[in-house]
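Read through the structure below, which is laid out as structure tokens, and then see the notes.
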Amino acid sequence: MAVIKKGARRKDVKEPKKRSAKIKKATFDANKKKEVGISDLTLLSKISDESINENLKKRFKNGIIYTYIGHVLISVNPFRDLGIYTNAVLESYKGKNRLEVPPHVFAIAESMYYNLKSYNENQCVIISGESGAGKTEAAKRIMQYIAAASNSHSESIGKIKDMVLATNPLLESFGCAKTLRNNNSSRHGKYLEIKFNSQFEPCAGNITNYLLEKQRVVGQIKNERNFHIFYQFTKGASDTYKQMFGVQMPEQYIYTAAAGCTTADTIDDVKDYEGTLEAMRTIGLVQEEQDQIFRMLAAILWIGNISFIENEEGNAQVGDTSVTDFVAYLLQVDASLLVKCLVERIMQTSHGMKRGSVYHVPLNPVQATAVRDALAKAIYNNLFDWIVDRVNVSLQAFPGADKSIGILDIYGFEIFEHNSFEQICINYVNEKLQQIFIQLTLKAEQETYEREKIKWTPIKYFDNKVVCDLIEAKNPPGILAAMNDSIATAHADSNAADQAFAQRLNLFNSNPYFELRANKFVIKHYAGDVTYDINGITDKNKDQLQKDLIELIGTTTNTFLSTIFPDDVDKDSKRRPPTAGDKIIKSANELVETLSKAEPSYIRTIKPNQTKSPNDYDDHQVLHQVKYLGLQENVRIRRAGFAYRQTFEKFVERFYLLSPDCSYAGDYTWDGDTLEAVKLILRDAMIPEKEFQLGVTSVFIKTPESLFALEDMRDKYWYNMAARIQRAWRRFLQRRIDAAIKIQRTIREKKGGNKYVKLRDYGTKLLAGKKERRSMSLLGYRAFMGDYLSCNESKTKGSYIRRQVGIKDKVVFSIKGECLHSKFGRSAQRLKKVFILTKKTFYIIGQTREQNAMKYTQDYKIDVGKIKQVSLTNLQDDWMGVILVNSTQSDPLINTPFKTELMTRLKKLNEKIMIKVGPTIEYHKQPNKLHTVRSKISDSAPKYGDIYKSSTIYVRRGHPANSKSNKKPKNPGGLSGKPIKSKKSKHKSTHKHTHSHRSHRDAAKKQPLPSQKPVNPLSLAATAAQAAYNPKPDKTVPIKSSAIPAAKVSSKHSSKPSSKEKVAVKKASSSHKSSSAKQNQVSMPPSKGVEKNKEPLKETTATATANIPIPPPPPPMGQPKDPKFEAAYDFPGSGSSSELPLKKGDIVFISRDEPSGWSLAKLLDGSKEGWVPTAYMTPYKDTRNTVPVAATGAVNDVTNQKSSQIDNTISSAQEGVQFGSATVGPTSDNQSNPVGTFSDGLASALAARANKMRAESADDDDNDDGDDDDDW
């Protein structure tokens, strides 16, 4: 039969919002790439160099270039644009830890910026790898991310960010060049510090330059290029520059054309020139400064075109003086003095402390060419230093710097066919960086574990400190110190200095990382063995410009040229000036010191091939890099170590919010030992013990997941606190809204009445005195709500049916029911249907199951105006025939528990419809063929239904046709009363799931006591319909009139019975056994899940039971310690293990009564305990105190005479009368007994329940304010 799933709803009642704490709905990520290989090498099943190389190769072939080793990023140069640096990709990494997103350089940048903000510590990233592995690109992407992540609307902050980004194209133009291995190889070292203010916005910056490869200015090996700026300038110079500085194409200059390569495949020099000019303007270089920079570049190019010939004396002579004249014009010096400085060398002798003679020594063409190149290199080197200093001046324009993020972009390890002084300096710096990596990761980590007494298995690794000492040591002297001594010994002759250096190298033969081979020597670097040439190495180490060239520059009238060169040389100074080796050692040590003051991050870059091909992967080359970078040792230490360590003090300062014992409302409240605070934090954050260790001064967290969990909880702390305040405030506002709605509804009902109740009364008048009534239709809460399937709402079953059928009009009435379906030669069938009524149309909707899904189809679409008549029987059945006007289809014969409401609404929509009530229903079974259905009374019919067979309806006797509906009970609390609420649980977890249907279901499984939902007065009609159309299985038991339990009525709702009535009560109660055989069989299932009633007890009219005396409530008696009760009816139970099945007459102990109408009972022998309906139990009385049976004869006679008349009344009333601890008996209108009839029993029982709930709710309301702030 039809099931009412949802009761009537008010428009102002909204579905509760879903709580954000719930698991989000899973969605398919179409953009997520399939995982290739392993994203973190610490997860490798087998740790070896080969397995690492194989994993990197697999990912490289699939376009994935980034892989982790813990927090260290491995980057393989793809030699192509993968489209992974867009703004969309950048945004996806904001606020994410590295486990939430794929490996990426943006993840390293996000981690650095997050740690800067969270721990207020300087950060740096060390990018290492050989030349062409992608170090410069990684540095650019980190700068890109930090500039984007540090959003600020301040104009000054935005200007600084633009300046920082502009340093990339500017310094790349002047410091990078195309080599055989890399089209954009850094030929200098750069450490960029981005400084942040207290709001962690970039406010300043500083660039430190390391060892520019100035030799590249004057010469390159075949197929390499000079610095980018020379090709940009010569190809993209404006006409003004071409006219002022005589700029030609790069093929016209020796310095740019000698190597035979003036173009590169991936480089657009003209476009890059425009980018360089834009970067200059962004940084703040004015036009005059730009002009002077390009004037110096033009001078360098023209200096390279100065050629020398040998004169008659074998000395050098300038081949074309027009070139020297133009160079003198550009440098703004005297042309003759320039030529003299190029072809002659000034030497000065000394005698002790006295100045000696001065000699002008002529130079041969080779020597003159060397002097020319020295002048060009000196101008470019000093120009580059000036540009770096000028950038720093612009970046320091805004004060307020507090912390910084450093980005180290330095030349990679180099091994060429011929390696000289430049390579030994570059490789030395890379050795120092490797030493930092070892000290800060491998060595320092193990030393920390040992110092902190952490359980640890030592890992062997190679410490390259011995190689660094071999190069930089002072005592005993290293290679660079030996080179300085050779220069001091033979400073005038480069060849003699080289020979002296070769002799001193014999001192290192005992070192296992050094080998001497004729005019070469080998250093066994961490990245491999490198052979260096001795010839000319000492001259490069001098790094000195001839004094006559310095004096020449001192005579210039160009203030810019004077600015970029140092002060005049102190001719009287006897102190040896620092060599290039001294400078690089000093710079490297300063760099190490700077990096050691910051929290480091690491990016290890790998070059997959030497051909710069995006498809080639050289296993041998990559495997070599994997070995010398020490990736295997890094993986082993990472797997055995801890992802995070912090001192107790800083850990508590960071995470004390996570422990209620350490904090309150954001304040640190713990005054005990710091170690105890650490333990409390870890305990309250529920970090497993295996995930951390406590050392002597620090706490160690093993996995990144645990650290991220701590960080996530801390980030959400303030959100959770704000959410608590918001929930409390919203709850307060909702109470005010509910109270206002309640007041408004009450006022409206007092002024104009309830429209739903008015409609019910109108329908009752239409059938007044014509049709027997059902018990549920007499309830005071029964109102004609109309849309019982909630078709007008969204996301309901009714709206789903409405959409399937295609109903667009507003639904006036909807209900489930049945329709009689006739078949030729077979009995008619009762098929389930859905009835939907709009203002114009009445729909009868059929349902079928197809492919395990319910499908709804339109059986009837009846125009309300074409309904001629509605035919009903005069009994209490639910059948009605809808007679149509001149219809070509049969008239529907339908069955619905809300037939009266349907008939009433049809009548309201069409006043012409006739209502016919009689012993039969006449309808057209087929067009123009009238068919008659009869109705008969049968005791064998279902209690809440009927039987249809052979055109006859069999139904039980109903209430008299003139029975009146009960009035709607009044609100017991009045306008000032608070809403009745069920007692709130103090436990936090139960409060979280208050509105969850699943949680209710789970709680029902765990809670043995059946619970009841708070009543909604407007939904009682739906509940009545559900009970009417879904009766519980009938189990008939014999019942006597005297066995009806007495009602426990509150004293303020009852009055004392008269003395005559007391006597009648005694007689009626004593007739319990003698009258049992003469009673009918009625069913008494337990009353579960019935809604609460807030209305006071009322009396109703029941003419069939007017003169039957009913026992009043027994007088109150003292409760024994273990009171005995007797089962008045059979209680078979529903099968739940928490219930105690009983048979009539069983005696049990009652230890606990619940307001919901259940009692906890235990057998007399104590063998079993469970819940039973309170209404089924009566106090047990000893037979010695029972009134003699003979005294009750008169009562039995009366009962027997009237039993046939009140049979239906009792059977229907007993289903609804037993609620809570209140039971009532039937009375008539003229009876003085204050106890109500069975038809009024539901209201009476719910009234008693409501009284008790009001008292409980008052206690709840007193404590409710205190619970608000404890709501998580």
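Backbone N, Cα and C atoms are what each Cβ position is placed from, and that goes for glycine too.
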Residue carrying phosphoserine as stated in Swiss-Prot, selected out of Ser198, Ser357, Ser562, Ser1239:
Ser357
Quick one: DSSP breakdown of the region 'Actin-binding' (588-610) into helix, strand and coil?
9 helix, 8 strand, 6 coil
Take the domain 'IQ 1' (719-739) and count its residues per DSSP category (helix H/G/I, strand E/B, coil), listing them in that order.
21 helix, 0 strand, 0 coil
Against which stretches of its own chain does the region 'Actin-binding' (588-610) lie, if we need a Cβ under 8 Å and a gap of at least six residues from its ends?
56, 60, 71-77, 79, 105, 108, 111-112, 115, 119, 121-135, 138, 180-181, 189, 191, 208, 210, 404, 406, 408, 412, 428-429, 432, 435-437, 440-441, 472, 616-618, 621-622, 625-626, 629, 631
Summary of DSSP states over the domain 'IQ 2' (740-765), given as helix, strand and coil counts
24 helix, 0 strand, 2 coil
